[in-house]
Amino acid sequence: MAKRSLASLNAGDLSGKRVLVRVDFNVPLNDAGAITDDTRIRAALPTINDLIGKGAKVILSAHFGRPKGQVNDAMRLTPVAARLSELLGKPVAKTDSCIGPDAEAKVGAMADGDVVLLENVRFFAEEEKNEAGFAEKLAGLAEVYVNDAFGAAHRAHASTEGVTKFLKPAVAGFLMEKELQYLQGAVDEPKRPLAAIVGGSKVSSKIGVLEALIDKCDKVLIGGGMIFTFYKARGLSVGKSLVEEDKLELAKELEAKAKAKGVELLLPTDVVLADNFAPDANSQVADVTAIPDGWMGLDIGPDAVKVFQAALADCQTVIWNGPMGVFEFEKFATGTNAIATTLAELSAKGCCTIIGGGDSVAAVEKAGLAEKMSHISTGGGASLELLEGKVLPGVAALNDAA
């Protein structure tokens, strides 16, 4: 069921109203406490600017890091408020706490179009416990609720789920709406052929996604460290490569399931090997049937890249989650970069390309190709759970579209 969106509320509905907006401002900081990547802050601007334009009083709620329910000065949102103020070109007041006298006073002093950022909501243990009394206090600051934090939508926390019991309407912000439109659309009503590229080091972290995607896709391409568990399950020698011994049977089952469903499941035909796990390791390319002892696979090989490119050539929708190799090491980033380039080229031809959160987003940004993709998801765990077909509590709690 589609969710009600912020687009359904006009200036008449919002002017002078206090609107609580849950945003995802969990940005990386360097040792000096400066923001190194403001993508998540910029991603929330369309929603914030829309509310300012409609004369709302914009109260932002966010978490940062994992303070474990206690005040931690290193995890205050002060640098975020400063950066947001620069991006909006107007002052952003920050409260000392997300509830209590200071928050109430600053919200009470707001004029229409003002923006207040509540302090880190995870300074209270009640947030992650979704405690009703805490949710009611948070909701008490506002009259309308907007959830634009897709990256936290898979959590049933007070600021993502609990507050909706006390605030109506509860609607999706523009970022949340876009995420649902692309990710749910890709799974529920994709333009076919639909391919998924799944990478990363462990099968265990992607089991649910692989099972769900084999159900829905025409082609599933697997890369990253997890390929060696599949090879070992086939009886191949994998040298020192990463293998999850307890997942060998599962790898066999996934291959059998794909075969039974007529889904093309592709594993790399060759790999780039290293003699140790280091950026300057000695390397060689080997066929997957001839991996020598003492070597470990850190990237997909040049032949595998060609096979993957050929498989993707006719696809109309491609979902990518997880790198093809250890892309942090330049020597072993070739496979990942090649896939990023291929998807950028497919996008230009009208294919819908979706980068499903996590390391693949970092890889696409590192390759300078982020702008070329149809959609880059801001959620890691939330993207995976949505692709698995799970219900996200933060989404389920919003009002349904009329």
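Any Cβ shown, glycine's included, is placed from N, Cα and C.
Substrate binding, as stated in Swiss-Prot, involves ASP24, PHE25, ASN26, ARG40, HIS63, PHE64, GLY65, ARG66, ARG155; the candidate among ARG122, ARG192, ARG234 given for that site is ARG122.
Cβ environment of GLY65 (substrate binding site): ASN26, ASN72, ALA74, MET75, ASN120, ARG122 lie under 8 Å away, each six or more residues apart in the same chain.
Here the binding-site residues are ARG122, LYS206, and the one ringed by the most other CB atoms within 10 angstroms is ARG122. Counting every protein chain shown, the number of other Cβ atoms lying within 10 Å of the Cβ of HIS63 (substrate binding site) is 27. A separation of roughly 23 Å, to the nearest angstrom, links the Cα atoms of ASP24 (substrate binding site) and LYS206 (ATP binding site). The substrate-binding residues named in the record, ASP24, PHE25, ASN26, ARG40, HIS63, PHE64, GLY65, ARG66, ARG122, ARG155, extend over a maximum Cα to Cα distance of 18 Å.
Recorded residues GLU328 (ATP binding site) and HIS63 (substrate binding site) have their alpha carbons 27 Å apart, per Cα-Cα distance.
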